[in-house]
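A.B. asks: Following this message is one structure expressed as structure tokens.
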Amino acid sequence: MGDSDDEYDRRRRDKFRRERSDYDRSRERDERRRGDDWNDREWDRGRERRSRGEYRDYDRNRRERFSPPRHELSPPQKRMRRDWDEHSSDPYHSGYEMPYAGGGGGPAYGPPQPWGHPDVHIVQHPVLPIQARLGSIAEIDLGVPPPVMKTFKEFLLSLDDAVDETEAVKRYNDYKLDFRRQQMQDFFLAHKDEEWFRSKYHPDEVGKRRQEARGALQNRLRVFLSLMESGWFDNLLLDIDKADAIVKMLDAAVIKMEGGTENDLRILEQEEEEEQAGKPGEPNKKEESRVGPGLGDGERKANEKDDKKEDGKQAENESSSDDKIKKSEGDGDKEEKKEDSEKEAKKSSKKRNRKHSGDDSFDEGSVSESESESESGQAEEEKEEADETLKEKEKPKEEEREKPKDAPGLECKPRPLHKTCSLFMRNIAPNISRAEIISLCKRYPGFMRVALSEPQPERRFFRRGWVTFDRSVNIKEICWNLQNIRLRECELSPGVNRDLTRRVRNINGITQHKQIVRNDIKLAAKLVHTLDDRTQLWAPEPGTPALPASLPSQNPILKNITDYLIEEVSAEEEELLGSSGGAPPEEPPKEGNPAEINVERDEKLIKVLDKLLLYLRIVHSLDYYNTCEYPNEDEMPNRCGIIHVRGPMPPNRISHGEVLEWQKTFEEKLTPLLSVRESLSEEEAQKMGRKDPEQEVEKFVTSNTQELGKDKWLCPLSGKKFKGPEFVRKHIFNKHAEKIEEVKKEVAFFNNFLTDAKRPALPEIKPAQPPGPAQILPPGLTPGLPYPHQTPQGLMPYGQPRPPILGYGAGAVRPAVPTGGPPYPHAPYGAGRGNYDAFRGQGGYPGKPRNRMVRGDPRAIVEYRDLDAPDDVDFF
């Protein structure tokens with residue numbers, strides 16, 4: 001009786017199980033099956049005959065191994081594929097069709113290949129967020145990739161042979177212009193409803209934004225002038241050894257910006273006294289931790305403990321002052337105070353238990369699933385405690401209001417307005433508005449403001465966000481409550497934002513040299529003048545008459561600035577001394593050996609420069625020595641966070657060439673900040689498709705004038721019928737004037753976007769150029785791309801393979817394949833069941849026969865090279 005199908009399948013499975021468990025028998029069967037493969041058989045037999053000791057003759061550095069050889073970064077080896085199901089050199093039998101094979105698989109939609117062939121890479125989508133790049137690519141809807149501009153060579157293929165070269169170039173330029181115009185219009189339609197885009201270009205939103213920015217600038221200017229009048233800048237120098245004084249000045253500026261008074265500035269003195277009253281070794285430790293670029297866990301915890309101690313001291317001072325006030329109120333208040341203290345003790349014990357379990361997870365800004373499950377049962381308790389905290393925090397506010405009435409003679413305690421707590425949200429979708437985040441976070445006590453970064457084109461225009469709270473709140477509890485909240489199907493996933501570690505950072509000490517300082521004064525004054533003009537900061541208010549253009553700027557720090565830009569030389573004295581037989585003039589330095597000079601420091605010039613730099617930093621949020629502008633700093637958690645200053649004096653003498661090189665490089669870095677914001681000229685705007693408001697209104701009226709029949713016309717906006725088109729037109733202008741205004745605003749909206757020379761756009765996609773025949777690259781690198789560690793993952797364009805990690809690729813040059821077939825066929829998807837060829841160097845050249853059961857040869861390949869022969873790249 002014949003076996004059933006089930007029995008046959010079971011036996012087949014048993015056969016493969018035996019092959020996997022009994023490796024020697026499978027190898028012998030494979031040798032019998034491949035009788036013609038003499039090389040493999042001989043190598044395997046030799047391997048059986050040799051003992052472990054004999055292997056040491058080939059490579060004495062080889063480590064003794066008693067387990068099967070592990071290939072690093074490779075999966076466990078499975079059953080090897082046989083001749084009948086493997087076509088490594090035949091593209092027509094591949095298991096998965098590559099882009100060039102004409103199949104349905106597009107370049108960006110292949111299945112994930114974590115251990116695939118070195119030639120088969122997952123094509124990186126240029127606008128994927130980090131979660132999509134770290135997860136499976138099959139789970140993400142990549143959308144339709146944008147069209148790629150044709151190269152001139154590709155464009156010529158679409159032209160008739162009769163077209164001459166001049167006409168072809170002209171047509172190609174027209175094609176490029178049309179392509180860019182279409183790309184821009186598509187981008188406008190795709191993003192015009194998003195808040196970040198409307199706030200930049202919509203006429204209604206632009207006016208509000210400018211007004212807010214002007215108000216913030218004027219507030220910063222008032223703070224700067226107030227600090228200057230109070231003498232904060234008199235003895236302040238922007239040198240790294242004055243870091244503590246610089247931080248104190250920045251904190252004073254922040255307190256003033258937050259609406260603080262002179263009384264609130266006293267808290268800076270109290271902090272200094274507390275630091276000095278602490279252990280004598282503590283300040284040195286804190287300075288060391290500030291200087292280090294990254295803190296270890298132990299150091300971070302120590303700093304947190306110090307901060308907690310300082311907060312505890314402040315709380316004790318507050319409670320002692322409250323006791324003095326409450327003693328005068330009577331015995332009844334004492335009983336209430338006892339009850340309050342008991343409640344606080346209970347609450348603090350609960351909070352300590354809860355903080356114990358969650359501290360480590362919150363430090364990293366993420367919570368594990370096990371913790372979320374274990375703490376999910378405490379949700380009701382947390383709500384009750386949150387209500388208690390709200391009530392208890394409202395009580396002190398009421399008491400503070402009553403204090404001035406009861407005890408007008410007592411002074412208010414200074415507030416630490418320069419310190420905040422904040423949350424960081426890495427991925428905020430472009431369709432989420434700022435108002436939605438504000439309404440979500442307003443529910444928690446101590447909320448102050450929200451800051452959103454500029455959208456990132458390479459990350460699907462996702463933005464980063466910072467939510468700032470008062471220093472008194474429990475930021476980790478708020479972070480926990482916001483963990484699993486979704487806005488418009490987007491998880492906010494907040495994390496606690498740590499305080500800045502090094503607020504004062506230094507650059508090269510060569511900047512102390514007199515010649516460089518004078519050049520910096522010139523550049524800084526130019527920057528101040530440019531930014532003041534751009535923001536109209538010193539311009540008169542709209543109601544007041546304008547000043548004549550000949551009058552100088554009203555900015556007080558630019559007064560008499562030219563006196564310091566002119567270098568004084570004693571040319572007459574030198575001439576007289578030289579002609580009267582004095583010392584001969586010094587020979588000019590030779591070009592080959594430039595003369596070295598000492599760093600010369602001029603305190604007077606440095607004082608003038610520092611006032612300019614502080615004006616730029618506080619008023620315009622521009623860090624001069626870092627050559628960058630900090631955008632939206634008023635909305636960030638730290639309103640004056642980081643500043644770069646001059647480093648220590650260089651120990652060695654400097655050459656004149658070094659000074660000139662520094663000045664040249666620094667001016668190049670400042671050029672983008674000095675350039676006025678560019679906008680397209682009228683001619684360029686017309687070429688790019690600038691719209692005329694009157695023409696667009698005519699188009700709108702025409703499209704809403706429909707003829708139903710003879711002497712019967714319809715206005716679809718209202719559904720009314722008229723005898724002629726002129727009546728419909730009159731009706732639209734009279735009854736639908738708001739629609740006409742909307743059309744005009746839409747035109748202005750588009751034109752504002754078009755005329756911005758720095759308008760956002762998708763990253764430009766350039767097809768990769770295949771390398772020349774003699775171009776050799778290191779193994780594993782794709783030509784036309786930088787090294788893997790130099791390129792962000794999200795910036796890979798469509799249709800271009802991802803560069804593999806060094807050491808993964810085969811030894812031969814693997815050109816990128818933008819279009820058309822490769823010079824040799826790729827291996828099929830998943831060939832080799834783990835693809836060990838790449839690790840043992842078996843993929844050296846196309847069509848090379850594979851040794852199927854070879855695990856790896858410890859011996860180096862012996863090769864013969866004729867030194868007299870011409871260069872050849874085909875050595876093994």
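Cβ coordinates come from backbone N, Cα and C, glycine included.
For reference, Swiss-Prot lists these features for the protein:
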type	residues	note
REGION	1-90	region 'Disordered'
MOD_RES	GLY2	N-acetylglycine
MOD_RES	SER4	phosphoserine
MOD_RES	TYR8	phosphotyrosine
COMPBIAS	8-73	compositional bias 'Basic and acidic residues'
MOD_RES	SER67	phosphoserine
MOD_RES	SER74	phosphoserine
MOD_RES	SER136	phosphoserine
CROSSLNK	LYS150	SUMO2 cross-link
REGION	272-413	region 'Disordered'
COMPBIAS	297-347	compositional bias 'Basic and acidic residues'
COMPBIAS	370-387	compositional bias 'Acidic residues'
COMPBIAS	388-413	compositional bias 'Basic and acidic residues'
MOD_RES	SER493	phosphoserine
MOD_RES	SER570	phosphoserine
REGION	575-597	region 'Disordered'
MOD_RES	THR671	phosphothreonine
MOD_RES	SER679	phosphoserine
MOD_RES	ARG833	omega-N-methylarginine
REGION	835-854	region 'Disordered'
MOD_RES	ARG840	omega-N-methylarginine
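Burial and contacts for the listed features, if you can.
C.D. replies: Here the Cβ of LYS150 (SUMO2 cross-link) has 17 other Cβ atoms within 10 Å, regardless of which shown protein chain they belong to.
Mapped onto three states, the DSSP output places SER493 (phosphoserine) in coil.
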A.B. asks: If you count other CB atoms within 10 A of each CB, which of SER493, THR671, SER679 wins among these modified residues?
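C.D. replies: The most densely surrounded of these modified residues is SER493.
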A.B. asks: Whole-number answer please: how many Å between the C-alpha atoms of LYS150 (SUMO2 cross-link) and SER493 (phosphoserine)?
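C.D. replies: Just about 41 Å between their Cα atoms.
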A.B. asks: Using Cα coordinates, what distance in whole Å links SER679 (phosphoserine) and THR671 (phosphothreonine)?
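C.D. replies: Just about 17 Å between their Cα atoms.
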